Each structure stands twice: as structure tokens, then as C-alpha cells.
Amino acid sequence: MTGDSRSISEPSINLDPDNTSFSDENSDDFFMDNSYDIDEIDHSDESNRQSVIVDSKVTVPPSKHSTLTLSDSEDSDAKEQHQSLSRSSSKNVNIEDITEPKPDKPSGRTRGRSVMKESVVEINSSESDLDEDKNFPRSRSRSRSSIRSISPAGKYKRQKSSLLYTYDENDDFFKELAKEAKKSTTISKESTPDQRKRVYNIKFLSKLEGTINKAVQVKVLGKYEFSKILPAALDGLMKSYKIPKVMKDIYKVENVTLYWNNAKLLTFMTCNSLHIPQDFENEVSDIDVTIVSKEYEKNFEATLESKLKEEEAALLIKERQEMERKLEKKRNEQEESEYREFESELKNVEETQEIKENDTVMNTKLLQEGGSLSGNSSSMEEVMRIALMGQDNKKIYVHVRRSTPFSKIAEYYRIQKQLPQKTRVKLLFDHDELDMNECIADQDMEDEDMVDVIID
């Protein structure tokens, strides 16, 4: 049943994805705003490591054109020293003779400062030194590198840079793990792209004061939470049934509870999370949701519980009745089978009795005095006794005369063994089959001879 073919009498609210804030494409992923990708972190930036300050208190030495501010006495001493240095340079006097001796063991930051101060004095002391600096512009950078190497922070910086270039296989593993965790978060929220586009037609049945057993319908996508759908449904109830402002607090989201299929719904749940089966593609699924005031929530749940118990009891009674019906059917089938078997046995007994009666009639005709079989000869003919040996190795004795045919002997054996009338009986004497048309005299049988009987 689709939403177009269903006639709806209740007021309906269509939350169109193009006209409401619910369908904003930018709001699809609510939990991914603060996410980040580990791959976006750039570990190859060398500028950060190069801009590390080794010693914040070390001052950069002044340039060649910087001036020193001296007092008057120091200025006169400096001029005299400059003149003496210029004279000594003309006489090829070594500049090291006028250089002040350095302290033996400068400590800490004083060491760097003293070196820098002396370098400044040497630069300003002689023009020849200035020429040397021009010829060797890298001498100052060497002095700076020597000053920087004195600080222990420089060693720590080199160790840090070496650690950044160390490759670890676990880095790739953790990157892949973070990607999988990001994917699983997205999948748990919305399992498939088709499920995000699935449409539901929700019928909100009100149990609130003023709209009891009244309903509104809202058509939404399955990805939206009930916390976003419920305000529109409550507003639709108030507008459709003209609820006064005095009762407005009853229709607030925080004052109501939702129930579906005798179960409580939480506001963060979605229609897709209910896992309602879909009969065909693009089907608009119908959902009936009951709105109950939190004030009567316990009473409603108690009513639901009693209703469930009644349904369970009715289900148990129905199952018991179904089981009894099956047992009764099985019992009837068994009785019918037994009755049929009894009828079959009774029929066989009747047939056997009928055969016996027929055999008795024939036996009466065939048997004569002493159980002997008579032929066409007179009663004065000599009677002899022969044995009929069956396949069960049991003997039946019969009295015959010399004129008794073998056909009558075979018929007598069939009657005594209660065999069917159509049974074929063969007689053998000295391993030769006897002709049923012959008689005892034809085989020269004597008293107490034995004849073998074979049943086909």
C-alpha cells in the first residue's frame, strides 16, 4: 500500500525535504562536525622545527654599522687605543698583543655574551679586521653557530628532528583504524544510502487532553529523529483541533511520551532504526505512533502490560486448543487405522472360514471310513496306508485303495493344510513326479510307502 493510494481522513503534515529544515543536505551528518582526518596532519613541515628558539636570552650581535654609546672618559681611552692600534698595524705588530685575555672558564649564558662582546671590539678596533670580514663573510655565521651550539637546547632540537623522521609501521595501522572507525560511525547512523531516502507515513494518535483518539499524519524521511518530527506533529494537533492557549503546556515535547507497537520510543530514535520490513522498493511504510502525556505514562504502561498478559494468555489457550486438536486428529487416525486393520483381519477370517466350510463339504465327499480315499472299485478292495511328506518335513497319513487316483490324494493334502483352492500341489514318488490322472496301482505302491508333496 503506497501513500498515494491510501485515503487519509486525518490532517496530514508533509515535511518536504526542500521546504523544511529537516531536509537540509548540510545537516545529514550530525555527529561528524567535530571529526577530523588524521591524514590532514602534516608531519613534514620543517619550518616549525627551524623556528625553535634555542635561548631566548641570547641577543643577536649588532651589525657592522651599529654604534656603541660610551662615556667621555671611555671615548678618550678608545681613541687613544685606536691610535696606538693604527700605529702598531703600520709597524706589522700582531693584533693579538693588544687583545685582552679571555676568562678561563666562562659559565652558562655569560660565555656566549663574552664572546660576542669581544667580537664586537675586534670589529671596531682595526680596519684590517674589517677587510678580513669582507673577504670572509661567513666568519660571523660561524661565531653564531658556535654560540648556539653552547646551549643544551640545541642538542634537544636535533634529537627532536631525528625522531620526526623515524618511520613506524604502527602509524599506518592507526591511520587505517581511524578511517574504519569513521566509516563505522557513519554506517551505524545510516546503514545504506537507500535507507536514508526511505519515506514513512507516520500516524500520530493522540491520548492528550483535548485531542483524545484524534490523529494527524506526517510524511517524513526515515533518517530524521523523532525529536525533530514531534514538534510538527504536536503543532499540527493544536492547529487542526483548535487547542486553547491554556492547554499549550500539555502539547510541549518535554511533556509527552511516544509509544509504538506496545513499546516506548526514545526521541533520538529514527524510523529507520525500527527496522520495519519493506515489501517492495520505494514503498511508503505506515507507522502508528501513540502520544501520551508524561502525567499518565505509568497508567498507560500498566494498561499495556495487562493487555499484553491477556494476549499471552489467549495465545496460550489457542496453542493448547491447537495441540488438543492435533492430538484428537492423530487419535482418530490411529483408531481408524486400527479399525481398518481389524476389518481386514475379520475379512480374512471369514474367507478362511468359508474355505474351511467348502473343504469340509468336499472332505465329506472324499473321505470315507477310517479316513480312506475310495476309487471306482468296490468296498471289498484292500486298503493301504501311505504317508504324505510336505516341505515342512511333517507327515500326513492317509488310507487309500489301489484304485484311488493321485488327484484326490493331492486335494486331501490341500484341505488338511488349509491351502487356497487355487494352490497347485505336486506329488513325487522315488523322485519322479506322479501323473494326477494315474492311481495307486499304476505305481505299484505298497503299504507305508511315502510320497513327497511340493507346493507351487
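Here the Cβ of each residue, glycine as well, is placed from N, Cα and C on the backbone.
Checked against Swiss-Prot, the residues S125, S227, S293 yield a single entry marked phosphoserine: S125. Swiss-Prot marks one residue of S51, S90, S306, S379 as phosphoserine, namely S90. Cross-referencing S63, S126, S378, S403 with Swiss-Prot, the residue annotated as phosphoserine turns out to be S126.
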